[in-house]
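*Asks:* Residues annotated as signal peptide in TrEMBL: 1-34. Taken from TrEMBL, the feature domain 'Major facilitator superfamily (MFS) profile' covers 15-494. TrEMBL lists 58-77, 141-161, 173-195, 327-347, 375-396, 403-424, 444-464, 471-490 with the feature transmembrane segment.
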Amino acid sequence: MLGSGMKGRWLNWAITAASCQGFLLLGYDQGVMSGIIGANNQFGNDFNNPDANMQGLIVSIYDIGCAFGSLLSFFFAEHYGRKKMIIAGGSTMIIGTIILTSSTTIAQLLVGRVVTGIGNGFNSSNIPAYQSELAKPKNRGMLLSAQGTVTIVGLCIAYWMDFGLSYVDGPIQWRWPIAFQAFFAICLVLQMIPLPETPRFLVEKDRTAEAADVVARLDDTTINDPEVVDMVQTIQVSIEKETRGGPFQYKELLQGGPMGNFRRICLCLAVNVMQQFTGSIPHTIISLPRNREQPGITKCTPGSNMINYYAPTVYEQNMHLTRTMSLILGGCTSLTYLAGSFIPLWVRLPLPHPSTPARLTLPPKQTVDRFGRRALLMFSAAGLCLCFSLASILLSTGRQSSAYGATAMVFLFQIFLGIGWLPIPWFYPSEVTTTRIRSKGQALGSFINWMCVFTVVQITPIATQNIQWRTFVIFAVFCALWVPVVYCFFPETNGLELEDLDYLFVKGGFTGGVWSSKGGVTVQKRTGREEAGVEGGFGGKEVVEGKEVKEEEEEAREEAKV
């Protein structure tokens with residue numbers, strides 16, 4: 001098979017590159033229409049200057065397509081596997097791009113947007129699960145967070161391409177930016193073809209030999225290596241436990257008990273709903289008064305995906321900037337967003353630890369793998385709450401200078417959003433679900449995410465028109481609420497093997513043991529591969545204090561040997 005020779009680090013990076021390619025495509029597709037629609041340009045001329053309602057439909061119907069694609073993934077991903085669904089997603093987006101690029105009517109444009117959205121729904125439902133099932137626990141958070149970063153890279157590319165082509169006359173002004181997304185989709189398909197399916201999916205389909213080969217290739221070793229044998233056996237034991245009740249039935253998603261499937265599905269849905277109600281649909285855009293005789297704020301629009309879709313249009317129409325300046329400012333806004341998205345990837349330099357020999361240092365870790373998912377989500381939510389609170393205070397004065405200050409909150413908002421609520425909700429569902437329900441949990445999370453995008457994009461303009469700056473107060477309250485919700489109900493998944501997650505909620509109780517566990521760590525990482533029960537295995541033990549330091553010491557010694 002093409003690419004079957006890739007092993008070890010090269011194979012791991014190839015998997016990461018393909019996964020990031022899918023989210024690069026997602027980001028580009030979200031941003032590409034922002035510099036095309038709603039302007040007195042070639043696009044407007046070619047489609048008879050669609051009014052605001054039609055512009056909104058052209059933009060938002062894409063979200064419906066994404067939601068529908070996620071729903072299809074819910075029913076078919078477990079049968080066809082992660083790899084095939086991602087290839088299908090890329091292929092569908094190529095078809096959608098062809099329809100869009102060749103559009104001569106609004107109807108054809110709408111069909112193209114829906115088809116493209118369906119393909120993106122396939123990708124957003126399966127790529128996080130694919131990456132998480134192939135990544136090592138120690139850097140899984142960093143690799144998955146990179147998907148959020150490249151999403152913003154795609155957004156930046158779209159914005160600046162729209163800006164550059166705004167100086168070009170003719171249909172190429174809008175056809176080329178739309179057509180260019182096919183390049184990313186083709187790359188995604190070509191990158192996925194040589195890559196393996198995940199070992200957990202293969203074991204689930206009784207293809208154990210293939211699973212062992214994949215694990216061996218990931219570790220750059222042989223299938224007879226003890227660690228490979230142990231890992232495959234661990235996956236087998238986990239899946240055997242999950243399948244003791246027979247073939248999957250949808251009612252399992254509502255079951256409680258030690259496995260806690262219903263709690264897991266609730267987390268998949270909650271983290272995505274919470275992401276969109278952080279105000280991540282759109283960043284803060286303020287309407288400034290045109291002159292001194294027209295004081296006050298005429299309109300304000302909070303959140304992030306709306307800015308992804310509409311940024312230059314809103315800057316031009318609400319802030320009364322020139323088209324060129326609006327495009328430039330939209331591009332700069334996306335660059336700030338990009339800077340924030342790098343924070344979870346920042347690397348901690350190796351530092352000596354007092355409990356280790358002088359020649360040893362603790363190995364470097366990225367922010368998301370150093371501090372965990374919970375800490376970044378809570379810090380991000382607190383920062384977003386601060387941004388909305390300050391923006392609402394400034395806007396309530398009705399002064400032009402205050403409006404500029406509130407607009408500055410856009411950029412600070414994006415920094416805080418990139419720290420936690422941008423990347424983590426996309427992959428957290430794949431970390432809190434078992435192999436048996438992972439594809440369904442990830443698909444449901446993606447579905448509810450896109451439906452919330454559509455809902456908030458529709459209701460936010462209505463809210464801002466009626467209650468203006470008070471809309472920011474609503475989002476500030478939501479963000480403040482998310483801090484205790486995460487603290488009480490969201491278990492920490494950092495550093496755990498996916499099979500460890502079977503025992504995530506064995507402590508039971510209203511919070512599933514999260515409230516009573518230090519740092520929300522409800523289960524310790526396994527030190528052995530033996531089958532563990534609720535009473536006697538690792539699933540029933542408390543987390544050993546200082547264990548993380550010991551693990552880091554072991555990693556440091558291994559690196560020192562090298």
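Even glycines carry a Cβ here, placed using N, Cα and C.
Quick one: where do these features end up spatially?
*Replies:* Mean pLDDT for the domain 'Major facilitator superfamily (MFS) profile' (15-494) in the predicted structure: 84.
Here the transmembrane segment (141-161) has long-range neighbours at 16, 19-32, 34-35, 127-128, 131-132, 135, 176-177, 180, 184, 308, 311-312, 327, 330-331, 334-335, 337-338, 341-342, 344-345, 366, 368-369, 372-373, 418, 422-424, 426-427, 430, 494, meaning same-chain residues at least 6 beyond its ends whose C-beta is under 8 angstroms from one of its own.
When Cβ-Cβ distances below 8 Å are used as the criterion, the transmembrane segment (173-195) is approached by residues 1-4, 6, 11, 14-15, 17-18, 21-22, 24-25, 28-29, 32, 35-36, 41-43, 46, 83, 86-87, 89-91, 93-94, 97-98, 100-101, 116, 119, 123, 154, 158, 161-162, 165-166 of the same chain, each at least six residues removed from its ends.
If you look at the transmembrane segment (375-396), the same-chain residues 6 or more away from its ends with a CB under 8 A from one of its CBs are 278-279, 284, 286, 297, 300, 302, 344, 367-368, 402-403, 405-406, 409, 412-413, 415-417, 419-421, 424, 468-470, 472-473, 475-476, 479-480, 482-483, 486-487, 490.
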